[in-house]
Amino acid sequence: MEKKLAILTSGGDAPGMNAAIRATAKIAEYYGFEVYGIRRGYLGMLNDEIFPMTGRFVSGIIDKGGTVLLTARSEEFKEARFREIAANNLKKKGINYLVVIGGDGSYRGANLLYKEHGIKVVGIPGTIDNDICGTDFTLGFDTCLNTILDAMSKIRDTATSHERTILIQVMGRRAGDLALHACIAGGGDGIMIPEMDNPIEMLALQLKERRKNGKLHDIVLVAEGVGNVLDIEEKLKGHINSEIRSVVLGHIQRGGTPSGFDRVLASRMAAKAVEVLNKGEAGVMVGIEKNEMVTHPLEEACSVDKRKSIEKDYELALLLSK
């Protein structure tokens, strides 16, 4: 029986997705799979945007941000009748293997294809938010972190010149990993993340102490899951006398050349994904834990909120920000 494997990217784009597409295609070909690409994620599967993927298609993309397969969100895919159409579009081409690169929403769609239609699916975690359970790191997190650090350095220049307190809102959805790591690596002076209580009075007290100790500017990292940074700015104004500004980094965090770490991680995850499918396993995601490649059921990845033990890192960030 001929083995045919399709690749799609879904949800928000993340640096490293192209490296994962490239490695998946190359390794799948090595194992004897005929490789197909699906444009625009599940929307493209539904609209039959499925095409044979040649080696030329993945040539020269390892260092490119975004995704050459494009990505989109599909509300229709949440309905069983549309998922059946999408699955049939695969089956009529003889495709029974699928690698899905994306976040938890992408995993839910993949798990339904596996459960309802028997499509042999493996997920690769691609999201800058680092909010997928079953893996220490997701594709794009490291690159995004470095983008934030670069922005912090520039913002610190103006904060220092004007003796200001600047709040920087970063992405992450419900997870504070980006803000936490950026605070530690970038020498942040305060942090607010959704996993921990964030009383404005505590932050204000910390900033006042910095002023007493002769510090004349502050950089505070605010994870988007905490709330609107402008609201936080207004509340903080009632507690401290220094001039406050807010910066929302926004979609610059999604783009850029993927870091070496993300390219290697993408390649390792892709190799594991194809290896798993070649062995006849499916319905799982691949991840990295303690530098080892692992798999976990997609169902588990979809149903469990990622709750890492972040207390020690949070305490470290607070200690270093004094």
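Placed from the backbone N, Cα and C atoms, the Cβ positions cover glycine too.
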ATP site partner of Arg73, Ser74, Gly103, Asp104, Gly105, Ser106 (as recorded in Swiss-Prot), chosen from Gly12, Gly16, Gly172, Gly176:
Gly12
Record-annotated ADP site (Swiss-Prot): member among Arg56, Arg156, Arg245, Arg254 besides Arg22, Ala23, Thr24, Ala25, Lys26, Gly187, Gly188, Asp189, Lys215, Leu216, His217:
Arg156
Would you mind checking how many other C-beta atoms are within 10 angstroms of the C-beta on Arg245 (substrate binding site)?
14
Ile252 (substrate binding site): tally of other CB atoms within 10 A of its CB:
14
DSSP three-state assignment for Arg245 (substrate binding site):
strand
Measure the Cβ-based neighbour count of Ser106 (ATP binding site), defined as the other Cβ atoms within 10 Å of its Cβ.
29
